[in-house]
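Engineer: Would you mind keeping the following structure in view while I ask a few things?
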2 protein chains.
Amino acid sequence: MKAVRAFAPATVANVSCGFDILGFAIDAMGDVVEVRERKEPGLQVVSIAGDGGRLPLEAEKNTCAVAIQAMLDELGKEVGMEIYLEKGLPLGSGMGSSAASAVAALVAANRLLGEPFEKKQLLPFAMAAEKVACGAGHADNVAPSLLGGFVLIRDYHPLDVIKLPVPEGLHCTLLHPHFELKTSDSRSVLRDHVSLKHSTIQSGNVAGLIAGLFQGDFELIGRSLRDVIAEPYRATLIPGFYEVKEAVKTAGALGMGISGSGPTLFALSKGEGNVQSIIDAAQQVYDSIGLGVDAYHSAINTQGAFVLE
Amino acid sequence: MKAVRAFAPATVANVSCGFDILGFAIDAMGDVVEVRERKEPGLQVVSIAGDGGRLPLEAEKNTCAVAIQAMLDELGKEVGMEIYLEKGLPLGSGMGSSAASAVAALVAANRLLGEPFEKKQLLPFAMAAEKVACGAGHADNVAPSLLGGFVLIRDYHPLDVIKLPVPEGLHCTLLHPHFELKTSDSRSVLRDHVSLKHSTIQSGNVAGLIAGLFQGDFELIGRSLRDVIAEPYRATLIPGFYEVKEAVKTAGALGMGISGSGPTLFALSKGEGNVQSIIDAAQQVYDSIGLGVDAYHSAINTQGAFVLE
């Protein structure tokens with residue numbers, strides 16, 4: 001029987017001022033899904049490795065199966081598949097864990113079926129899976145995991161996804177402190193309304209960030225990494241947030257923000273030269289408040305998910 | 001005695017989703033200022049043509065003189081100058097009339113003094129004049145009038161002005177209906193707070209517009225010309241707004257918005273091919289509501305203000 005394995009990268013959604021509209025993909029980490037043809041119709045999640053037994057095997061709750069089912073529904077096909085998920089991403093970390101699983105599953109299943117869909121066309125199926133995993137069909141993790149690079153979700157009705165350029169040498173450090181932050185908690189601290197002034201400031205910074213990416217202007221990217229809408233509230237849920245921010249910027253980071261809804265933090269830098277200093281500086285803050293942290297660093301992934309040949 | 005004449009173009013501030021952060025300059029129209037050396041120190045506004053006698057000749061109230069005075073204060077110089085202003089722009093139209101006067105005066109005076117400042121350095125002096133003319137030192141008219149093209153005002157503290165690319169062939173139609181709208185009225189209808197949802201939609205569209213300008217993607221520019229924060233309120237003060245918008249889009253415009261705080265409307269299009277249809281379509285709506293309108297069209301000015309040799 002045929003089998004296909006695919007990899008989908010971790011992602012940073014929101015990207016500071018890009019709250020709810022931007023995301024980018026990380027080279028270093030991701031999930032792998034193998035999909036195998038089987039005779040009996042229907043989807044079966046056979047195994048999940050690396051999740052500590054926490055993810056559901058039931059097809060209607062599993063993001064891989066939900067995503068593939070949405071694709072099969074669109075095709076009007078009844079196909080039997082076995083799904084093997086290898087988690088490379090920690091759960092509930094804000095690094096797009098559920099998105100990577102769904103995207104890897106879709107890319108593998110699409111290849112198994114002879115690629116009836118172009119890559120970009122898989123997006124709505126991945127969003128259907130995000131709806132089951134997170135309660136909302138956001139695209140700011142699944143789009144960059146699928147397509148790579150920086151991705152703008154300009155609109156949802158209809159879906160308008162724009163791939164942005166990645167300046168040569170842009171590097172990302174991820175700091176994953178050892179505690180869990182529920183997306184629902186991180187969402188609930190946000191305000192329903194924002195001041196016109198803050199909305200305008202946010203627009204200016206988003207515009208600056210987009211211009212910085214196109215121009216390869218690292219200083220402009222750094223100046224634009226300022227979120228006045230979500231970060232001030234979410235930072236209250238993340239111990240040491242402002243201390244870490246100051247420390248990593250002093251150590252050479254262009255800027256820092258919350259990855260997705262946290263608690264993972266991301267820092268961008270020009271090249272890898274400052275990465276160890278950035279990690280050391282953050283480590284020192286976390287040590288001082290008695291919190292463990294895992295640090296990763298990576299170039300921006302520009303390829304997105306791909307089949308492992 | 002030495003004399004220098006300079007031209008500064010009309011500008012469209014706000015640019016729909018770019019509320020309070022974006023502006024661009026228009027080739028077709030602008031103000032001309034001649035500055036002449038004189039022996040006695042102090043600034044004298046000698047004449048203003050084309051304003052119907054409405055603009056003040058007193059140096060401390062005249063935008064040209066206020067701008068030049070701010071420049072002289074920075075230089076610490078006492079220089080005598082005569083100022084001759086030729087208005088090419090209608091007052092209170094939303095086309096950056098006061099900004100064009102101030103910018104033309106600065107560019108002329110700067111040349112007269114042997115160019116002690118680079119062009120971009122003149123910006124704060126023009127903003128000082130805007131503060132006198134409009135009550136707020138906004139840069140979204142003066143920056144594009146000075147520098148040309150599309151300009152992003154990312155931040156004011158400190159001032160961060162970024163020049164954006166102009167796609168080849170981008171064309172602008174301006175529709176100036178025959179009634180006056182006070183900036184203060186247009187400001188007062190705005191809400192102090194906006195919903196988080198609308199703030200996010202605005203950010204997405206600003207990001208799309210910036211990306212569209214860099215990519216030369218006219219369709220993306222058109223889709224992104226959507227303002228959910230200022231336009232819904234300001235449109236209530238502008239007769240026929242939505243009818244004109246629908247008519248010009250049907251006639252081939254990429255999108256339409258309010259120029260500055262109105263009542264002038266701007267429509268962008270790809271090339272000049274549709275311009276006459278756009279103007280005719282708008283004219284028909286204005287005829288139907290019994291309102292006169294002046295229509296102008298022009299390429300985007302990419303040069304900004306310049307000395308007339």
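Each residue's number is its place along the chain shown, starting with 1.
Keep in mind that glycine also has a Cβ here, set from the backbone N, Cα and C atoms.
So TrEMBL has the following annotated:
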{"type": "BINDING", "residues": "A:Pro90, A:Leu91, A:Gly92, A:Ser93, A:Gly94, A:Met95, A:Gly96, A:Ser97, A:Ser98, A:Ala99, A:Ala100", "note": "ATP binding site"}
{"type": "DOMAIN", "residues": "A:65-149", "note": "domain 'GHMP kinase N-terminal'"}
{"type": "DOMAIN", "residues": "A:210-287", "note": "domain 'GHMP kinase C-terminal'"}
Engineer: Any idea what the model's mean pLDDT is for the domain 'GHMP kinase C-terminal' (A:210-287)?
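Structural biologist: Reported value for the domain 'GHMP kinase C-terminal' (A:210-287) is a mean pLDDT of 97.
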Engineer: Using all protein chains shown, find which of the binding-site residues A:Pro90, A:Gly94, A:Gly96 scores highest when you count other CB atoms within 10 A of its CB.
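Structural biologist: Counting Cβ neighbours within 10 Å, the top one is A:Gly96.
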Engineer: Looking only at DSSP and grouping its letters into three states, which state does A:Ser98 (ATP binding site) belong to?
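Structural biologist: Assignment for A:Ser98 (ATP binding site) reads helix.
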Engineer: With DSSP, how much of the domain 'GHMP kinase N-terminal' (A:65-149) is helix, how much strand and how much coil, in residues?
Structural biologist: 49 helix, 7 strand, 29 coil
Engineer: Which site among A:Gly92, A:Ser98 has the most other CB atoms no more than 10 Å from its CB, taking these as binding-site residues?
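Structural biologist: Compared across A:Gly92, A:Ser98, the most Cβ atoms within 10 Å surround A:Ser98.
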Engineer: What's the number of neighbouring CB atoms sitting within 10 A of the CB on A:Ala100 (ATP binding site)?
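Structural biologist: A:Ala100 (ATP binding site): 33 neighbouring Cβ atoms within 10 Å.
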Engineer: Take the mean position of the Cβ atoms of A:Pro90, A:Leu91, A:Gly92, A:Ser93, A:Gly94, A:Met95, A:Gly96, A:Ser97, A:Ser98, A:Ala99, A:Ala100, the recorded ATP site. Which other residues of that chain put their Cβ within 8 Å of it?
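Structural biologist: Neighbours within 8 Å of the Cβ centroid, excluding A:Pro90, A:Leu91, A:Gly92, A:Ser93, A:Gly94, A:Met95, A:Gly96, A:Ser97, A:Ser98, A:Ala99, A:Ala100: A:Ala10, A:Leu89, A:Asn141, A:Gly260.
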